[in-house]
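Feature list (source: TrEMBL):
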type	residues	note
DOMAIN	B:75-288	domain 'ABC transmembrane type-1'
TRANSMEM	B:15-36	transmembrane segment
TRANSMEM	B:79-100	transmembrane segment
TRANSMEM	B:112-132	transmembrane segment
TRANSMEM	B:161-186	transmembrane segment
TRANSMEM	B:207-229	transmembrane segment
TRANSMEM	B:267-289	transmembrane segment
Amino acid sequence: MKMKSLLGFSVLILVITVFTFSVWAEKVVLNGIFLGASWGVAAQKLAEEYEKLTGVKVNIELIGRDAIYEKLALEFASRASRYDIFNIDYNWLPQFAGAGHLKSIDEYITPQTELEDFLPKALEITCKWGGKLYGLPQTVHPHLLWYRKDLFENPEYKAEFKEKYGYELMPPQTMQQWRDVAEFFNGRDTNGDGNPDLYGWAAQAAKGYGNVHTWLTFVYCFGGDVFDWETMEPTLTTPEVIEATKFWADMLQFCPPGIHEYTFAEVAKDAAVGRIATALHWSWSSWEVDDPNTSTTLGLWEFAQVPKQVESAPHLAAWSIVVSAYSKHPEEAFKFIEWLENKDNDVRQTLMGGGDPVRISSYSDPRILEAKVEGTDIPRFRRLPEVLKAMETTRPRPLIPQEEQWEIVVSQYLSAIQLGQMSVEEALEVANAQVRMMMERSGYYKQ
Amino acid sequence: MKLIKPSSKRKLKMLPYYFLLPPIIFLAVIVVYPLIFSLKLALFDWNLINLREREFVGLGNFLRLITDGSFWNSVRVTFTYAALATSIEFFLGLLLALIASQELKGIRFLRTLLLVPMMVAPLVVGLMWRYLLNANYGVINYFIKHFLRIIPPEWLSHPSWALPTLIFVDVWQWTPFMFIILLAGIQSLPKYPSEAAQIDGAKGYQILWHITLPLLRPVILVALLLRLIDSFRVYDLVYSMTRGGPINKTETLSWYIYQVGFKFFDFGYAAALSWVMLGITMVMCSQLFRVISRGTKEQ
C-alpha cells in the first residue's frame, strides 16, 4: 500500500512536470526591434492581435534608426539571442547578412507565403543577399515628384509660364522642365506682403540627414552610377555623375533659405504649409500634407514620377524585417513576419498609416482605393499608382557592406559642393579617392 | 592587561584591506578591465561585424591616424571648441558669481534660474536649440528678421557659423556649472583680506585681481579642469544639432570616434583614437594643473 502510493505520487509529479514543461515550451516569446516610425507602431499593434490568435507573445521595442544600427552591431558581435526580429533599413542587409548574422528564411517559405505577390524590387533589393532571402519587406517609399496641383492649374501662372518658357505649364517630366518650373515659382510673393513665400522645390539636403539620398536620384536619372559593379571601382568622376551633380547643385538655388539644414521633417513641413511648388520626397510622407489638423494645403498635392534626364530612376527608401541568426525561435519569428506581411495585414498596415504597401495585390485593394482623407472626399492613397510605377524603375543605395561608411564620406563632399567650398569636379575627385581608399582597406581590389 | 596574539594583530592590521577589497574588485571590473580590453582592441584590426577576421596590427592603428586627415581636422575642431567654450564659460561664470555673491534683491531667484540649463539633458538641449535656430521655423531667426530687420545666417549649416553656434549652446548650458562652483568658492573665502584692503583704500577691481582671484586659484583650477575635460569630449550637441556638418566643420574627436566605431564598426581604430584622445586630455589637464598650481605655490 505504501509502495503503491509512493508510485502514484511519483507518477503525479511526473505528469505535472511534463504538463508544466509542455505549457512552458509552447509559450514562445519573441522579441523584436522596430523603427519608431508609423510602420513600427502598426507592427506593435498587430503583434497584440497575433498573440491572441496564436498564443505567441511578440514584444516590440520602438527605437530610432541610429539606435537600431548600434544595437544590431552589439547584439551580433556578442552573438546574443535576446532579439529574434529586427526591422532594418535595407542598406544594412549586405553588412549583416554577409557576415552571417541573419537567418536565411528560404527553408521556411511555403506557397502560403505568396512570395510572387510581393513587389519584385522590394523583395529583391531589400531582402535578398547572395542569392538567399533573409526577410520580408515591410514598407517601400521611393522618391516621387510632388507638385502643387492648384499652382499648376492657375490660369495666370499658366499664361505667364507659357510666355516666359514657350510651352505649357505642366508637371515636369524632364529635368530641364523641372528646372524651368522651379525657377518660375521660386521667390514668389503670393500673399502680397512684399516678402517671398513660395520657392521652387525642396528635398533633404543636410549633411548626414539625407543630402546623399536626394543626390542619388539625380545621379540615377542622369544615367550614372556610383560603382562599376564589375570591378567595384567607385565611379563618382564619370561624366554622368558630374553632370548630375552639377544639375543638382544648380537646382539648389531654387530652394527655400536654409535648405542645407533640411532633413526629412522640413521638406514635409514646407509642403504642408505651402512654401514650395514642388518637392523630391519619399512617397509615404505625403500623409503629412493631407493632415487636416496641420496642413494648409490639404488635397492640393499631387504626385508624379521623378523627372527624367536619361531615365526616371528614383532612389528607393524601404524597410524590411529580418530574423537574427542567433534567435532561439527562428521558425516562430518567421511565422510572425509572414503573418504581419500577409495580404490582409499589408493592407491593414497601410490603412493604419504604416507605410506604402509591399504587395502587388494591395495596390488594387478596394479598402485602399476607396479610402478618403478624414472628413473629405480626397482619395487618401492617390499617390499609390505612382508608387507602383516608381517601384519598377527605382534603384537602391549601393548595396555593399560598407554602405553607411560610403554615405558618410560622400555626404561630406556633397556638403562642400552645396556650400560652395569646393567645385563639383574637385569634390567628386576627392570623394572618389576617399571611397576607393575605404574599399581598398575593406579588402577589395586584392589580386 | 590582556595581550593580543601576534597572529590576531596581523589579522587586525589586514582588516581595512578586507573592507577595501569589494570596491577594488568592482573598480577592476568596471574600469581596469575595459581599459585593458580597449588597449588590446587598439592593437588589432577589429571589425565588430566580422569578428572572425580580426588581425593583430601592433601599432598600425596608431600609425594610421598620422595620415588621417579627418582625425587632424577633428583635433583642431575639438581644441577650438574646448578652448573657446571653457574660457567664455569661465569669464561669464565668474562675472555672474561675483554679482550673485552680493546680497542683492531677487538674487536667490536669479541663482535658481541660472541653474536651469544645466539640469537639462545635453541631447534635449541640442534638439531644443536645433529647432530654435532653424533657419525657417526657428523663433530666433523670426525675431531677428522681424525686429532687427536683418537677414540672419543659417546658424547650423553655414560653414563659418556652425561651430560658434555649438559653442554658444555649450556656453548657455554650462556657464551655470562654472557659476555655481565659483560662487561656492567666493562665498567660502575669508572676508578679512578684502576688508583690510578696502580699509587701505584698494578699489574693487584691485581687490578682485590681487586678493579674490589668487585666493580662488584652487577652485578655478577644479572648475576649469572639469569643464575642459567635459567640453573636450563633446558629443551630444554635435549629434543632435549638426552631425559634424556642414562639411566637417563641427566634427569633433568624440563624434569622429563614434563614426569610426558605430558607423564603420572599425573598433580597433576607434579604440586607438580613444587612447590618443585620453592622452591628449591628460597632457592638457596636467599642463593646466601645473600652470595654475605654480601660481598657488608662488603665493
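Glycine residues also receive a Cβ, built from the backbone N, Cα and C atoms like all the rest.
Keep in mind the model is a prediction, meaning the values are calculated, not measured.
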The transmembrane segment (B:79-100) and the transmembrane segment (B:267-289) contact flag, 3+ Cβ pairs under 8 angstroms: no
Long-range environment of the transmembrane segment (B:161-186) - Cβ separation under 8 angstroms, sequence gap at least 6: 77, 80-81, 84-85, 88-90, 92-94, 96-98, 100-101, 111, 114-118, 120, 122, 125-126, 129, 133, 153-155, 212, 216, 218-220, 222-223, 226-227, 230-231, 234, 237-238, 241-242, 245-246, 249-250
Residues of the parent chain within Cβ reach of the transmembrane segment (B:267-289), under 8 Å, 6 or more residues beyond its termini: 38-39, 41-48, 54, 57, 61-62, 64-65, 71, 75, 221, 224-225, 228-229, 232-233, 253-254, 256-257, 260-261
